[in-house]
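**Q** Summarising the annotation, TrEMBL assigns region 'Disordered' to 1-35. TrEMBL lists 59-83, 121-143, 203-222, 262-284 with the feature transmembrane segment. What TrEMBL records for 335-370 is domain 'EF-hand'.
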Amino acid sequence: MQDMEGNVLKEETLGEHWPASSSVPPSPSAAEKKRNAKDIAAQEGLLEMQAEQEKAQSAIFAFSLVTMILYTAVGTVGFCMLYEWSVADGFYYTIVTLTTVGYGDINSYEDLTQWGILFTAWYALVGIMLAGTALGIIATVLLEREEAAVAKAMELALEEDLGASAKRRKVTLHRAVTRTALEEYGVVKKWWRKHMPETVQKLFPALMSLFLMIILGMLLAWQDNKDLTRAEAFYFAVITSTTIGYGDISPISSSTTKVVGALYLLVTVTCTGNVLGSIAGYFIDKKRKEAMDKILKKRITIADFIAFDDDGDGQIEKAEFVLHKLELMGLIDHADIVRVEHEFGLMDKDGSGIIDMEELHAYLKEKEEDKA
């Protein structure tokens, strides 16, 4: 390659994966092909497992969302019938009840019959447990999806950057080189772990969401009553987000603010719960990790040796050591190990402790016959 003056330029390459004089990577050896095939099979298995987990997560999310919508509709209709309210009032009262805010701005007790009192009491009792569970699941799934989307966007951005850089340098990038480059550059789902303390990583997203909810609460308060000061608007947002709900300031000036306020209650109470859960979870996880590290570094005793030696041959194999350590650390359950061993035994027809292709084909054939 030459420049405009005829000088020979040295071709740039990404890493030392192949010589600079070559435009294509060398052909992989038989061992490399076998290793690549294993990597592809492992990756396909991981992707399949992730797909199943996402499918189950989506099902739980949909069930929680539908349950929350139906239960809210039951409350709205019920309160409208009991008090002869408008839909906006019924919806507002339902959300104020489910989120435990209870402003007290709408006093309904004196107008209730005995059946109405029982309906309200049972609706609140069941609804608080149901809403807490459903909203917790919904918030968790949404946050995980948001984190995954951000990580994917970062990875794609770097891939585009690498691709553009490669075009400028006229370097042919192989898939394996791109993957290796991504690993070398430290592209992971949460790349900012390298730069942020663990406390910030755990609590920052939740605290930011709560901060945004307080800002929205202040805007809602001003929309309902433009005469409120900044301190009063902040007071309303905090008292609402923390579910204290004194009732001295509440968004009831119009049907629109009641509906918007009810939706705001759902979101801000969920965010507050997420913050509290994140703070508690951070310290719990920290203590759990300390306990796991202590177990991991603990020297095994004679009693441990006997417990680890599952087959009683007087030796501890690597698999036995790993399984028992993971079990002691609380990362896996003994019942799960038993189920996995049972599944292995179904495939290991001769009881040799090894599954060959013939046994695997026989096992798959039995599965197909069972489905038929």
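Note: Cβ is positioned from N, Cα and C throughout, glycine not excepted.
Nobody curates TrEMBL annotations by hand; they come from automatic prediction.
Source: prediction; values computed, not measured.
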**Q** What are the DSSP helix/strand/coil residue counts across the domain 'EF-hand' (335-370)?
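**A** Counting residues per DSSP class in the domain 'EF-hand' (335-370), I get 27 helix, 0 strand, 9 coil.
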**Q** For the domain 'EF-hand' (335-370), what are the same-chain contacts with Cβ under 8 Å, counting residues 6+ beyond its ends?
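**A** Result: 323, 327.
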**Q** Per-residue pLDDT averaged over the domain 'EF-hand' (335-370) comes to what?
**A** 85
